[in-house]
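Beneath this line is the structure, given in structure tokens, with notes to follow.
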Ligand code: ADP
Ligand code: MG
Ligand code: MG
């Protein structure tokens, strides 16, 4: 057992009354401070007036996380931001990777088509905004602890709002409750880092809003959040909206399915300004400075051809898209695989080296990569991966991922060969094969839907980053690290997404 999981933490909490008391304190604090989600379908049926909010699932105690790993992850975020800004600008690189997966992946093919249509008529907005999140797990190698990247998100990186509240909840409990438990924990024994992810993400949106400038048409400008219908994680988004509105920036929410109905492109100017017509006040028109997508990251938002027309409207408009299609595609798992495939295995020079020529910065990122393989039939790495993925024993060390976001899309261990049997071998290359990271489990208690789950858990750290750059000149106008997210799940559970229902919100106790 490594040092960071040793010792009797968290406290046993084996007295019923004491446990119930702590749970009640957490329930009340969460509702009072917006650490909440809309109710799950099982409860929502009774909520005809749409008034219910329930506690987001959380741990009763902040989970231990190695301080060195935490600091390392934060310190490399601006380098990661710049790397992904560079990748978004390299259309040729992305085009090659899209070709490799698009044959078996209509969604990626359709996204690429949107880009090609806009390219043909010419982009009218060169600025691009990324609100990124780089996710890690701690890998233990002969006693050494090292963060390994799970994935890099370039679209709809969520939980920046709720994660601030989770840090504040645990800080509050450290002041008011933990010191007075039967097994007391003095506040001074807990190293709980500050977390400003909502402010950090809002700062990125604000930078883009300001860079857009005033409306040449004389309209007020705004930030438009494009969201999913019936979004349960709405309060996470609201925290960002409130942070922007506190700066007197007009913010609106528009379901992705209503883009065509409530926006238009200014017909009298070649600049293609995106105009927003609020359905609640048709006499007002706003010019959209920033279109922030919290939807549109997966096929389920594109059930009709008009949804693709909606995405096309956003992409060809003058609004600064967060993200643009190219930036979204930079977040493909295929990109991460190509960056992580070492020079000796791949026939071409390491892609990471090309994007990050500086030795120190290259080494800092390289250290965070786990082994990731392509699954094509041609390359030596792909052939090796095909052998590993179809071997009944070897496959147990891997996860296989398609080019998808939002959780619930991956295949684990023995499900990998089963899945491969269902698809023609010429389409296996639409997936990547990644070594499983196995962080040392520790113990914690999760409060979910009013019930406690106690046992072995593992955590995934996310570091937010914001970057605003010019696609043509490459100039970076804003590049910041923007706070953190800790999600924790049972050590037997494979997926970890909070929204997907597997993981829960947590904060770090640095050790
Ligand atoms: P998504 O974009 O859908 O969130 P991820 O790559 O983050 O896809 O995978 C979803 C979840 O699967 C992660 O949050 C993590 O819990 C688990 N996972 C993914 N890759 C690995 C890995 N290499 N090792 C261990 N767990 C993983
Ligand atoms: Mg993702
Ligand atoms: Mg993920």
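Each Cβ is built from the backbone N, Cα and C atoms, and glycine gets one as well.
Automatic prediction, not curation, is the source of TrEMBL annotations.
Remember, predicted model here, so these are calculated numbers, not experimental data.
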For the Mg(2+) site that TrEMBL lists with 151, 153, give the additional residue from the candidates 405, 418, 422. 405
Determine, from DSSP, whether residue 153 (Mg(2+) binding site) sits in helix, strand or coil. strand
Within the domain 'Glutathione synthase substrate-binding' (221-330), how many residues are helix, strand or coil going by DSSP? 40 helix, 29 strand, 41 coil
Should we count any of the binding-site residues 151, 158, 297, 402, 405, 408 as near ligand 3, judged by a CB under 6 A from one of its atoms, and which? 151
Those same-chain residues, other than 151, 153, 405, found with Cβ within 8 Å of the centroid of the Mg(2+)-site Cβ atoms are 133, 135, 152, 154, 155, 157, 331, 333
Tell me, roughly as an integer, the mean pLDDT over the domain 'Glutathione synthase substrate-binding' (221-330). 97
